Amino acid sequence: MSVLSPLIIRLCSPRGFCAGVDRAIQIVLLALKKYGAPVYVRHEIVHNRYVVEGLQQRGAIFVEELDEIPEEHRNQPVVFSAHGVPKSVPEQADRYNLFYLDATCPLVSKVHKQAMRHQRHGRHVILIGHAGHPEVIGTMGQLEKGAVTLIETIEDALHYQPDDPDKLGFVTQTTLSVEDTAGILDVLQRRFPALEPPAAESICYATTNRQNAVKAAALGSDLFLIVGAPNSSNSRRLVEVAERFGARQSILVQRADEIDFDRLGPLSVVSLSAGASAPEIIVDEIISAFRERYDVTIELSETVVEMETFLVNRELRNVILTPQDMAFVNGQSETLKNKN
């Protein structure tokens, strides 16, 4: 029997689901328990294929627009995704007489309120974010067309010409890189000294915490694996942060079977984290895949303990959600005990 080579896996904490993602998934599951299938969900509830497929198996039906819901099912509940939606979406739901449950992350809702506050004070709103991201579409859709300008890059910030440079306020997409945001803000604040910040930090606590955990584990890592989907903004940022802070290579994977072990080369230290929409059960799966090939020692790299939780919608608070209901995403193994 061959002897397995030793391997240290640095397991980042915090990692994976944030309170907003956890709440959104719970809302879909609770709606299924209370109202029965099907429950419609506008857009992916979170950007993770495994989560979406798991909810589909339990009776959720995902649509991109409300008019995709058949008329005979318009008495069934519809859930809005964690990313938030433009104001036009609940207005359309009201026109269709749909019963909807809003799973928008409370921190995204806070950004919406900050944008509206800027407008009430007569300011044009600058949104720092990525075009086409559902959260950006939702935030821009809180105000009338033309009231928000999207700034994606430092180049955008350098060339932006407002109508009134003394009447500007900004908000940011919650899942942006802290460093990327800082560079854009530095340009904007130098060009427009009167630029008004939001009353509270727009970048989500979980985004910052996961980036800090990756920074702490990156140096000395032969490989840094980030569990997440290609369309997950916060997961892609973690890959960038890992490389920027010293990992020899950093890879985004959705499942263990995407890892090409034959091409990884010699490994002594592998660091492992997960984006805010990536389930813990995939972290378990990846560790198991490494255990089949290496003599693995787990080292927990913890930077902060997260205690945040968000209440689900009032209509669902009388429904009991069991650990078994969430087992398809949370997993059952030893890594779960290491996650805060």
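Each Cβ is built from the backbone N, Cα and C atoms, and glycine gets one as well.
Under the heading [4Fe-4S] cluster binding site, Swiss-Prot lists Cys18, Cys105, Cys204. What Swiss-Prot records for His47, His83, His133, Thr174, Ser232, Ser233, Asn234, Ser277 is (2E)-4-hydroxy-3-methylbut-2-enyl diphosphate binding site. The isopentenyl diphosphate binding site annotation in Swiss-Prot covers His47, His83, His133, Ser232, Ser233, Asn234, Ser277. Among the features that Swiss-Prot reports, dimethylallyl diphosphate binding site is placed at His47, His83, His133, Ser232, Ser233, Asn234, Ser277, with the record citing sequence analysis. Positions annotated as active site, proton donor by Swiss-Prot, on the basis of sequence analysis: Glu135.
The Cβ of Cys204 ([4Fe-4S] cluster binding site) lies under 8 Å from the Cβ of Cys18, Gly20, Cys105, Leu107, Thr174, Thr175, Ala276, each of these being in the same chain and 6 or more residues away along the sequence. Glu135 (active site, proton donor) counts 25 other C-beta atoms within 10 Å of its own C-beta, drawing on all protein chains shown. Put simply, the residue listed as 'active site, proton donor' is 11 Å from Ser232 ((2E)-4-hydroxy-3-methylbut-2-enyl diphosphate binding site) when counted between their Cα atoms. Each of Val46, Pro134, Glu135, Thr175, Asn231, Ser235, Gly275, Ala276 belongs to the same chain as His47, His83, His133, Thr174, Ser232, Ser233, Asn234, Ser277, is absent from that list, and has a C-beta within 8 angstroms of the C-beta centroid marking the (2E)-4-hydroxy-3-methylbut-2-enyl diphosphate site. The CA atom of Ser233 ((2E)-4-hydroxy-3-methylbut-2-enyl diphosphate binding site) is located 10 Å away from the CA atom of the residue listed as 'active site, proton donor'. Report note: the [4Fe-4S] cluster site is defined by Cys18, Cys105, Cys204, and the residues of the same chain whose CB lies within 8 Å of the CB centroid of those residues, excluding them, are Ala19, Gly20, Val21, Ala82, Leu107, Val108, Thr174, Thr175, Tyr205, Ala206, Thr207, Ala276. Here dimethylallyl diphosphate is bound by His47, His83, His133, Ser232, Ser233, Asn234, Ser277 per the record. The longest Cα to Cα distance in that group is 15 Å. Fewest other C-beta atoms within 10 Å: among the binding-site residues Cys18, Cys105, that description fits Cys105. Comparing local CB density within 10 A for the binding-site residues Thr174, Ser232, Ser233, Asn234, Ser277, the maximum falls on Ser277.
In the shown protein chains, 27 other C-beta atoms lie within 10 A of the C-beta of His47 ((2E)-4-hydroxy-3-methylbut-2-enyl diphosphate binding site). Figure note: comparing Cβ neighbours within 10 Å for the binding-site residues His83, His133, the maximum is reached by His83. According to DSSP, Asn234 ((2E)-4-hydroxy-3-methylbut-2-enyl diphosphate binding site) sits within a helical segment.
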